[in-house]
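Marked as active site, proton donor by Swiss-Prot on the basis of similarity to another entry: Tyr55. As annotated by Swiss-Prot, NADP(+) binding site applies to 20-24, Asp50, 166-167, Gln190, 216-221, 270-280, with the evidence given as experimental evidence. The substrate binding site annotation in Swiss-Prot covers His117, and the record cites similarity to another entry as its basis. Positions annotated as site 'Important for substrate specificity' by Swiss-Prot, on the basis of similarity to another entry: Leu54. Sequence annotations record features per position, and here Swiss-Prot assigns site 'Lowers pKa of active site Tyr' to Lys84 based on similarity to another entry.
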Amino acid sequence: MDPKYQRVELNDGHFMPVLGFGTYAPPEVPRNRAVEVTKLAIEAGFRHIDSAYLYNNEEQVGLAIRSKIADGSVKREDIFYTSKLWCTFFQPQMVQPALESSLKKLQLDYVDLYLLHFPMALKPGETPLPKDENGKVIFDTVDLSATWEVMEKCKDAGLAKSIGVSNFNCRQLEMILNKPGLKYKPVCNQVECHPYLNQSKLLDFCKSKDIVLVAHSALGTQRHKLWVDPNSPVLLEDPVLCALAKKHKQTPALIALRYQLQRGVVVLAKSYNEQRIRENIQVFEFQLTSEDMKVLDGLNRNYRYVVMDFLMDHPDYPFSDEY
């Protein structure tokens, strides 16, 4: 089997490609760019495509996937597509309609994976960040166990092959896992993860529960002012990462991606640059030594780029716990 189609078995028996293509772009990037880059990614060999309601690009990403199916490049079952339920749709009665709305935009019959995007419910409705007259985000109180039950129904209905969570801490994962009458465990927890925030404790916990850790922001984010402090350290300029890149004749990005794969983490590579999209798929063509891995482990400083500080007051804000 072509190494670039390596997959990991999920706890529900489905398989997820270990390298994914992240489609998020800041609002100023024209939406139709998502069509081009998703097609490029599929042509380069990516089979795992990650999007979300919040990214506001599912029509474009769906169009790209369908056009690569139509031209015979791939079959639908070759593609592993992830979408995410946004926090304003966590009221149980809103979950399935939100997924159906995503499917309608995508013009697909099912998603391979549907995630709770963040563990924080916000005021219901179409506005992603509903604010009061003082500009403060309006929270909602929802029992996420009840939201999860409807996620399970979406899986049973065949609208989502697998269901999981994103940006949950250990305590929040346990809450779902210990839920009375749990039918399906989350197959994964997609979290920020890179050499500066290697999530080793959360990774160990997830492995112990047969939950896959999926790394977003694996290259240190796009550093967009909406989400990230402009003074934050630039991961891909890290001297240790650059020295390893030189040693292996690879890019620093490839070292950061390879690091995750060798730890058993599924990794998302986000790029809207054609050359880098093609480069990133080369992550399967080299290996890091155990010494290299130790050196990379040593870069951890529990540094989080995506802090979401405007939600810090939320009772379910996930990043105050150690992991």
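Just so you know, glycine gets a Cβ as well, placed from its N, Cα and C.
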Looking only at Gln190, Ser271, Gln275, the binding-site residues on record, which one has the least crowded Cβ, with the fewest other Cβ atoms within 10 Å? Gln275
According to DSSP, Gln275 (NADP(+) binding site) sits in helix
Where His117 (substrate binding site) and Gln275 (NADP(+) binding site) are concerned, what is their Cα separation in Å, rounded? 29
Using C-alpha atoms, which one of the recorded positions Leu54, Tyr55, Lys84 comes nearest to Gln190 (NADP(+) binding site)? Lys84
Any idea what the Cα distance is from Ser271 (NADP(+) binding site) over to Tyr55 (active site, proton donor), rounded to a whole Å? 14
May I ask which of the recorded positions Leu54, Tyr55, Lys84 is closest to Glu279 (NADP(+) binding site) if we compare their C-alpha atoms? Tyr55
Which chain-mates of Leu54 (site 'Important for substrate specificity') that are at least 6 residues away have a CB under 8 A from its CB, listed by sequence? Lys84, Trp86, His117, Pro128
Compute the C-alpha separation of the residue listed as 'active site, proton donor' from Tyr24 (NADP(+) binding site), stating it in Å without decimals. 6
CB contacts for Lys84 (site 'Lowers pKa of active site Tyr') [other CB atoms within 10 A, all chains]: 25
